[in-house]
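A.B. asks: I am attaching a structure below and will ask some questions about it afterwards.
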Amino acid sequence: MRAADAFTIKNKEITSIDLMESASMAFVKAFAEEVPDHETSIAVLCGKGNNGGDGLAVARLLKDKGYTNVFVYLIAFSSKVTEDYTANLKRLEDLWFPLVTVSKAEDLPELKEELIIDAVLGSGLNTELDGEYKLLAQRVNALNRRVIAIDVPTGFPAEGELRKDSVYLKADLVICFERPKINFFFPESAQAMKHFRVVSIGLDEDFIQKTSSSYQLAEALDIRGLVKPRESFTHKGTYGHALIIAGQQKTMGAALLAARACLHAGAGLTTVSVPESGLTAINTALPEVMYLDRADLQPDTLEKFKAIAIGPGLGTGKETADILKTIFQLKVPLVIDADALNVLGNSPDLLEQLPSGSLLTPHMKEFDHLFGAHQSWWDRLETARKKARELQSVIILKNQYTFIIDQTGDVTINPTGNPGMAQGGMGDVLTGLCASFRAQGYSAKEAAVIACYLHGKAGDELAETEISVAASELAGKVSGTLKGLIK
Ligand SMILES: NC(=O)C1=CN([C@@H]2O[C@H](COP(=O)(O)OP(=O)(O)OC[C@H]3O[C@@H](n4cnc5c(N)ncnc54)[C@H](OP(=O)(O)O)[C@@H]3O)[C@@H](O)[C@H]2O)[C@@H](O)CC1
Ligand SMILES: [K+]
């Protein structure tokens, strides 16, 4: 993003001070939606870099907009200032704006304001906070006021490991410029911020698009671009035959959920392989779904499938390992989940035989069981990027924001989904969706991106009217949600 700033200034005939003005205006517009009451008393804490420069411009623009109680505190711990900071300070001084200079954290007065705007440090941060900045952050945190940060919370690195003992100036909301930072998507970011929103500041979009970044945020438009419309004269054979190998006598529900999702996501045919005791349940609950006896899981029977998903409720015993050995010999695209992942975690030799182009769908525990324990999500994601390249497979690392890591190590972040979906069976549904899209001929990465986005989006739609979302309900909803996405 810093490169995009520089490119825009150079090529769009916009000066850096005007870009700062544009960023500050975008901030103020979003701020006004969040804090509509113009009487709110606001303290703007400004460091001496460009983040502080934004803060000074924001204070002036808030006044212009009719906010009557805006107070500026100049956090003067450093002797260095930027040019645009100085220019914005002059603009404020010309308006006789009252300014309080804070040379040491202990000099910060007992702030009376209801709301604090954090413009102390932004993306220029080069190491974790210590000294006066750390003391300042701790003092402000202790006030327990509502804090809205400009671009990033002070002390929060845009990328790299988020250490548990780091100190940040905690924000309720971050209004950040142009693109979210990768570290916003890790659970550890909760130590520094509750929510974020992104505002456009007019950076050169072509440049951003062309600049290769290892991280992409999935958007509805991407899904529209990926999903192929259904053409006339197509038939069930066009949309592939998926097989789901899942369930034991006491975990039949997992198989039913995966099969249900596979069916509703549009596979031409769905077959499920469960113990025979599950046959009645399949016939009753999912009359469209066919059954394959476990004894028939042999290479010549399996070659005909366009995708095979394995794992939900399957158990971690020898049977699962044996089935994995069989399907690893085939040329059929695979989706590996749950107990099948745990079996691979138990046997590295078998993991080495994983066919390229497979799709793995671990949650954090399954991931760490497969590839070793991790202290931070940054490290976990780095391992996922390495392993996806080594295995030439796609990894869906499930989390509040799910990461989809492709064979080149690039990461697509899925933004859909909500806490209402925190219920058992959701992973089984996702596996069914992956199998369905793989069977329909999508690549492992395409299938993963469509499945994750659709899964969360269907959940979001249900959560508009429901506190919690049941997995079976979600599985039944995906077809309608997909239709809405591609309209
Ligand atoms: N580029 C653009 O065109 C636009 C940029 N914009 C805005 O600029 C922000 C980035 O501004 P920035 O690059 O000036 O850095 P900023 O975050 O203000 O801090 C710089 C100072 O912090 C210091 N410092 C670093 N780490 C430290 C630490 N741990 N503890 C203590 N000090 C530390 C560092 O000192 P140094 O290490 O260099 O001696 C330096 O003096 C960005 O977030 C956005 O808000 C928008 O206006 C849009 C246009
Ligand atoms: K900040």
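Using N, Cα and C of the backbone, Cβ positions are placed for all residues, glycine too.
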A.B. asks: Given that TrEMBL annotates K398, N399, Q400, Y401, T402 as binding AMP, state which candidate in G372, G424, G425, G427 belongs to that site as well.
C.D. replies: G427
A.B. asks: Which of these, T15, T154, T234, does TrEMBL say binds K(+) at the same site as N51, D118?
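C.D. replies: For the K(+) site that includes N51, D118, TrEMBL also lists T154.
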A.B. asks: Can you check which residue among the binding-site residues N51, S123, N126, T154, N399 has the largest number of Cβ atoms within 10 Å of its own?
C.D. replies: T154
A.B. asks: According to DSSP, which kind of secondary structure is G427 (AMP binding site) found in, if we only use helix, strand and coil?
C.D. replies: helix
A.B. asks: Over all pairs in K398, N399, Q400, Y401, T402, G427, the listed AMP binding residues, work out the largest Cα-Cα distance in Å.
C.D. replies: 14
A.B. asks: Tell me the Cβ neighbour count for D118 (K(+) binding site), meaning other Cβ atoms within 10 Å of its Cβ, over all protein chains shown.
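C.D. replies: There are 30 of them.
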A.B. asks: Binding-site residues D118, T154, Y401, T402, G427: which have a Cα within 10 Å of G313 ((6S)-NADPHX binding site)?
C.D. replies: none
A.B. asks: Please give me the binding-site residues out of N126, K398, T402, G427 that lie within 10 Å of T154 (K(+) binding site), comparing Cα atoms only.
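C.D. replies: Candidates kept after distance check: none.
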